[in-house]
Structures are given as C-alpha cells and as structure tokens.
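Written out below as structure tokens is the structure these notes cover.
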C-alpha cells in the first residue's frame with residue numbers, strides 16, 4: 001500500500017470517529033453498558049474480599065492472642081514478635097501464583113510501548129512498594145505493641161487524611177462533595193466502631209512515647225503505598241504490551257505477588273538480623289491449643305492477609321486508593337460485631353456507638369457509591385448527546 005493510500009485510509013477512519021454512523025453508536029452504547037456492568041461486578045467482588053479479609057484477620061489475631069499463654073509466664077503479656085507479624089502479613093503471596101496463570105491476559109495491543117525503560121520503571125516501582133509495605137507492616141506492629149488499641153485506632157485514622165492529600169497531589173484525584181462527606185463519615189465510623197483486640201498491652205506495659213507514635217509513621221507509609229499502587233496501575237502497568245491499555249484483575253495479582261515478594265524478603269532479613277526467629281519455638285510451645293494449632297493459625301493469618309490485600313488493591317485499580325481505604329475503615333463496626341459474637345471478652349458488647357457506626361457505614365459507602373453512579377451516568381449522557389447530534 002502506498003503512502004498516499006495510507007493517508008487516505010487514516011483520513012477516512014478519522015472522519016468515521018468524528019461522525020459515527022447510528023449503528024456504530026448503538027454498538028458503542030452496548031459496549032459501554034456491558035463494561036459498566038463488568039466494572040460494578042469487579043468492584044463488588046473486591047469489596048467483598050476486603051470485608052472477608054478484614055473479618056478473618058481480626059478473628060484469627062484475637063484467637064492467636066487468646067491462645068498465647070503469656071499470662072502464665074514471666075515474659076511480657078504483649079507479643080513482641082513484630083518482624084514475625086510483618087512477615088506473616090506478606091508471606092502468603094505464593095497462593096496467588098496459580099490464580100495469576102488462571103486469569104488470562106487481554107489481547108495484546110501492538111500500539112502499546114513495551115520498552116526496556118518502562119520495564120525498568122515497573123521493577124523500580126515493585127521494589128519501592130515492597131519496602132513501603134514492609135515498613136508500614138512493621139510500624140503498625142510496633143504501634144500495637146506500645147499503645148492500647150483505642151489509641152492505636154485513633155492514630156490510624158490519619159491514614160485516610162494522608163491518602164486524600166497524597167492522592168490529590170500524586171494522582172491528580174478530583175474530589176466532590178459526596179466523596180468528602182464519605183471521608184468524614186468514615187473517620188467517625190472508624191473511631192466509634194473499632195473491634196476489641198486481645199493483643200493490646202497490659203496497663204503496666206503501655207508507653208505513649210515515640211514508639212507508640214510509630215503508628216503515625218505507619219499511616220504515612222500506608223497512604224503512600226496506596227497512592228503508588230494507583231500510580232503504577234495508571235501510568236505503568238496498564239501501558240505494558242501484555243495488558244494493552246485495559247484494566248483487568250490479573251494486574252492486581254501481578255502487583256500483589258511482586259510487591260509481597262519484596263516485602264517478605266525485607267521482613268525475613270529483619271527477622272533473622274534481629275534474632276527474633278529464636279523466640280518462635282518458645283511461642284509455639286506456649287500456645288494453649290498446641291503447636292499444630294499455632295502453625296495453622298499463622299497459615300490462616302497469612303492467607304487472610306492476602307485475601308484482604310487483593311481486595312484492597314483491586315479497589316485501587318478499579319476506583320481509587322481513597323475508596324479502597326474508605327471500604328477498609330468502614331468494615332470496622334461489622335468486624336466488631338463478628339468479634340463480639342465469636343469471643344467473650346470482658347465488658348465487650350455491641351454498644352450503641354458501634355450500632356451508630358454500623359448505620360453510618362451505609363451512609364459513608366452510599367455517598368461514595370452515589371458519586372461513582374453519577375460519573376457513570378455522565379458517560380452515558382455524553383453518548384446520548386452524541387446520538388442526538390447524529391440524528392439531527
């Protein structure tokens with residue numbers, strides 16, 4: 001084909017895009033409806049995974065600390081294995097590898113750039129995110145070690161504020177009044193509806209020093225990690241040749257596997273360098289249910305953390321980091337209800353503040369969902385406007 005004929009073909013394609021035929025518009029409308037339905041289904045699945053993961057993690061953590069027989073020993077009542085906690089939070093990623101190969105990649109787009117420079121930036125992103133995830137896992141574990149869970153929760157609420165600020169700067173995220181209302185409600189819900197935690201330190205072990213405020217640094221690291229997850233999806237991973245400018249669930253699995261691998265290596269090095277691994281045998285022997293249940297509880301925790309992380313990163317991919325953290329924090333009253341039903345802690349019941357927080361969860365999520373509904377409706381209205389122009 002000559003250069004002149006190529007230019008003619010391109011000109012005709014451009015005219016077809018600018019002045020689409022009615023049949024083409026009908027096809028675009030159907031495609032938009034199908035894509036929006038798939039999108040809502042994907043968001044609902046990820047939301048379910050976050051709720052399920054949060055519930056399982058808190059149940060297994062409480063089970064672990066209830067069975068950890070430290071009150072009968074001379075050691076501190078609080079479990080001090082912070083590197084172990086951080087490692088468990090990230091080490092369950094191998095279970096995702098079979099799923100990664102089950103989910104197929106979309107048809108490759110030859111127009112996408114798959115340069116070495118893009119691959120290098122993607123590798124740098126995985127390394128940076130792995131270090132950040134390991135950092136906030138370790139810092140949150142240290143925060144729970146030195147402060148009671150109420151103070152820990154109060155400090156942790158700052159993560160949503162940091163995410164809102166960082167995502168506006170880094171990701172150019174646009175806020176509206178419905179999202180702002182959702183954020184405010186979520187902070188109140190998280191403070192009032194947090195579940196009971198059996199692993200908090202004894203009154204004699206609480207130190208509101210720089211160690212407790214490490215939770216604050218953990219909140220910053222967590223907020224940055226969600227923003228970089230979103231940036232990596234939008235600017236790097238979606239532009240690779242294997243994904244061809246399409247957001248698919250396989251991207252979530254790739255991101256989680258690579259980042260968790262790096263974070264696990266960092267935590268494993270910290271575990272060995274600190275000598276904390278020597279305490280593991282004593283911890284397993286002290287477990288009330290025995291060493292088998294000790295191992296099973298750790299495996300269950302590792303898997304539960306992966307369920308939660310996949311759901312959270314999926315929400316970052318399909319919506320935003322702000323929405324991912326809103327969902328995560330809004331699960332606190334529901335998790336509190338599950339903990340109350342599963343454990344018989346002293347003076348712990350599903351009180352009126354938690355009932356109010358549970359009702360507020362519907363308002364906070366409803367407000368954000370309404371914002372997303374308006375955005376999808378706007379896309380449909382723009383297509384309708386194009387149809388009216390063609391008819392005229």
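Each Cβ is built from the backbone N, Cα and C atoms, and glycine gets one as well.
Features reported for this protein in TrEMBL:
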{"type": "REGION", "residues": "1-22", "note": "region 'Disordered'"}
{"type": "TRANSMEM", "residues": "39-66", "note": "transmembrane segment"}
{"type": "TRANSMEM", "residues": "86-103", "note": "transmembrane segment"}
{"type": "TRANSMEM", "residues": "123-143", "note": "transmembrane segment"}
{"type": "TRANSMEM", "residues": "149-171", "note": "transmembrane segment"}
{"type": "TRANSMEM", "residues": "178-198", "note": "transmembrane segment"}
{"type": "TRANSMEM", "residues": "210-231", "note": "transmembrane segment"}
{"type": "TRANSMEM", "residues": "252-273", "note": "transmembrane segment"}
{"type": "TRANSMEM", "residues": "293-319", "note": "transmembrane segment"}
{"type": "TRANSMEM", "residues": "326-346", "note": "transmembrane segment"}
{"type": "TRANSMEM", "residues": "352-371", "note": "transmembrane segment"}
| task | Tally Cβ pairs under 8 Å between the transmembrane segment (86-103) and each listed stretch (149-171, 178-198, 210-231, 252-273, 326-346), then give the stretch with the top tally. | result | 252-273
| remark: Most Cβ pairs under 8 Å to the transmembrane segment (326-346), of 149-171, 178-198, 210-231, 252-273, 293-319, goes to 178-198
| request: Using a Cβ-Cβ cut-off of under 8 Å, list the residues of the same chain that are 6+ residues beyond the ends of the transmembrane segment (210-231) and lie near it. | output: 125, 128-129, 132-133, 135-136, 138-140, 142-147, 151-152, 155-156, 158-160, 162-163, 165-167, 170-171, 255, 312-313, 316-317, 320-321, 324-325
